[in-house]
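Lifted from Swiss-Prot, the feature list:
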BINDING   K13, T173, D174, T216, G217, G218, M219, A220, T221, K222  ATP binding site
BINDING   S54, D141, N153  substrate binding site
DOMAIN    281-359  domain 'PUA'
Amino acid sequence: MTMAMQPQTLVIKIGTSSLARPETGQLALSTIAALVETVCKLIGQGHRVVLVSSGAIGVGCSRLGLTERPKKMALKQAIAAVGQGRLMRTYDDLFSSLRQPIAQILLTRRELIERTAYVNAYNTFQALFELGVIAIVNENDTVAIDELKFGDNDTLSALVASLVEADWLFLLTDVDRLYSSDPRLDPDAYPIPLVKAAELAQLQVRTDSTGSAWGTGGMATKITAARIATGSGVRTVITHGQKPEQILAILQGANLGTQFEAQPRSDNARKRWIAYGLVPTGKIFIDAGAVQALKARGKSLLAIGVVALEGEFSATDAVIICDPQGQELGRGLVNYNCNELEKIKGLHSEAIAAVLGYVGPDTVIHRDNLVLQEN
């Protein structure tokens, strides 16, 4: 690929299944060393690299002699605090041996929900790129709450890729590519080398959603991550975590792993934030006429097109917009709370003031705050 010859922004996510030995949870130092060497080669070629690394809880469990991953949130958070220091020390030792500076960035969903924090995070990553520093990112497990957790580092890596406007997202896992089903369990499983943008939304494969004994991800979360990343214009690759050097070959055009074609990237960073940075708090169901107005004519969503709603949300919250079949059409920032919208749904805009007793916005969701899914 000719684009691979130019300096690119790369996000590389390595999972616990690749970082830790399954029988003990201890760090697989040979794999980490190979990853570090690969990343340094990428930097040497002029690429900008962010590394999203799992493993803090797994390493903490090993450090404390625990034989299984804890279930309780407080215990997981405490163990993550133990493991994160050990994990970063390992990275720092290995990168320092190659004279490569690194930085630690711990994120929660809050940093992506709040627009100011989102922009600040973007600026921090850009400054690190300019300094030639590799950012090593993990979820801040020690302070994250359930409502503001990414849930898995596959999702985190996709959102980071969207945030930094990456060209590539590499998801390193314990298989060499995506298969029609788990090849470790199904002898008839066949490899899927390429998933085109139009195919990804309908992709149905039998996957193990449980992940490894020490991690939280599985192939299902990687497909979800691919949908987020490719929707943000980021080409995504699933490849083997124990062979990180394959990243170099893939950038040169090698047919390795499974590649997910990227959709055209929106130049509007704020709309990417609405689509992927925010956590929707409700759903709005619209009629066929409203669907046509939004998709074909680029209009704002009006109250007359709203037929039902779901969830509790406030004005300016992110909501999912659904078509008459209940399929997600897009996302946007709503101008009314759920109680107000329940009263005015189906009404013409000029009738809203009489029903609410005050003058509100003409639109339920303005087109500037609306992001439609690609077909």
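From the backbone N, Cα and C atoms, a Cβ is placed for every residue, glycine too.
Worth saying up front: this structure is predicted, and the values here are computed from it rather than measured.
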Secondary structure content, the domain 'PUA' (281-359) (per DSSP, counts of residues): 28 helix, 22 strand, 29 coil
Entry from the binding-site residues list D141, D174 having the most other CB atoms no farther than 10 A: D141
T221 (ATP binding site) to N153 (substrate binding site) - Cα separation in whole Å: 9
Pairwise CA distance, D141 (substrate binding site) versus M219 (ATP binding site), rounded so that it is a whole Å: 22
S54 (substrate binding site) - helix vs strand vs coil (DSSP): coil
Averaged pLDDT score, the domain 'PUA' (281-359): 96
Listed binding-site residues (S54, N153, T221), ranked by Cβ neighbours within 10 Å, top entry: S54
Which of K13, M219, the listed binding-site residues, has fewest other Cβ atoms within 10 Å: M219
For substrate: widest Cα to Cα gap among S54, D141, N153 in Å: 11
In three-state DSSP terms, the structure that T221 (ATP binding site) belongs to: helix
Close binding-site residues near N153 (substrate binding site), where close means Cα within 10 Å, chosen from K13, D174, M219: K13
Distance from S54 (substrate binding site) back to M219 (ATP binding site), taken between C-alpha atoms, in Å: 15
